[in-house]
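Below: the structure, in structure tokens.
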Amino acid sequence: MANSSPVYDWFQERLEIQDIADDISTKYVPPHVNIFYCLGGITLVCFLIQFATGFAMTFYYKPTVAEAYSSVQYLMTDVSFGWLIRSVHRWSASMMVLMLILHVFRVYLTGGFKRPRELTWVTGVTMAVITVSFGVTGYSLPWDQVGYWAVKIVSGVPAAIPVVGDFMVELLRGGESVGQSTLTRFYSLHTFVMPWLLAVFMLMHFLMIRKQGISGPL
């Protein structure tokens, strides 16, 4: 590369970054691809916004039944731009779900789930389930009336399953009733377990797309 900087030369000598850049920039894009093929990428952007704003809120949120609501109120009223961070988190969550639904419809209607891309479809559906679970667990964290009763209803749904229903309810709630153990479980799922799960499946999803390319037109 002509007129390259010393920093570029240093990385190029060790990592051959030009080959990586060439591979990314010269990847073939089929002529039938249009704006609707960007929905998956927009979903990724929403996830990154969720990660950044969620991480920022963990500095102020207190996952206890006694302090959860007041910590959210403190974030909204006393923390500089706290209201903006939480609002962006909520709106990007809604946008992520919307973009995900549209992306699933686009893939289905264009036949992107067919052979040899079945595993790409499976990882995508798995990510859709995780994304919805994000919404369920995050809804409870303010521990207000809406969040409390939402958790009580959602965690009680598995009770209808024969044999293992009651066990699943206690597993979700951390006991027979909704309380501190429930909030702790939902907080752990929302801020640690699900982000890592989603990141792993997202990496698998992107690697398969990279390997197989974009599906052709119907």
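All positions are counted from 1 along the displayed chain.
Here the Cβ of each residue, glycine as well, is placed from N, Cα and C on the backbone.
Annotation source Swiss-Prot lists transmembrane segment at 35-55 (among others), citing sequence analysis.
What Swiss-Prot lists as heme c binding site is Cys38. The Cβ of Cys38 (heme c binding site) lies under 8 Å from no Cβ of any same-chain residue at least six residues away in sequence.
Look at Swiss-Prot and you will find His89, His190 tagged as heme b 2 binding site, backed by sequence analysis. Following the DSSP three-state reduction, the secondary structure of His89 (heme b 2 binding site) is helix.
Residues 36-37, 39-40, 42-43, 46-47, 50, 120-121, 124-125, 127-128, 131-132, 134-135, 138, 215, 217-218 of the same chain sit 6 or more residues outside the transmembrane segment (93-113) yet have a Cβ under 8 Å from a Cβ within it. What Swiss-Prot records for 93-113 (among others) is transmembrane segment, and it gives sequence analysis as the kind of evidence.
Taken from Swiss-Prot, the feature heme b 1 binding site covers His103, His205. Listed in sequence order, Leu39, Gly40, Thr43, Gly124 are the same-chain residues at least 6 apart in sequence whose CB falls under 8 Å from the CB of His103 (heme b 1 binding site).
Marked as transmembrane segment by Swiss-Prot on the basis of sequence analysis: 119-139 (among others). Long-range contacts of the transmembrane segment (119-139) within its own chain (CB-CB distance under 8 A, at least 6 residues past either end) are made by residues 50, 93, 96-97, 100, 103-104, 107, 112-113, 146-147, 150-151, 154, 186-187, 189-190, 194, 197-198, 201-202, 204-205, 208-209, 212.
Taken from Swiss-Prot, the feature transmembrane segment covers 189-209 (among others).
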Could you check the binding-site residues His89, His190, His205 and say which one's CB has the fewest neighbouring CB atoms inside 10 Å?
His89
Express the distance between the Cα positions of His205 (heme b 1 binding site) and His190 (heme b 2 binding site) as a whole number of Å.
21
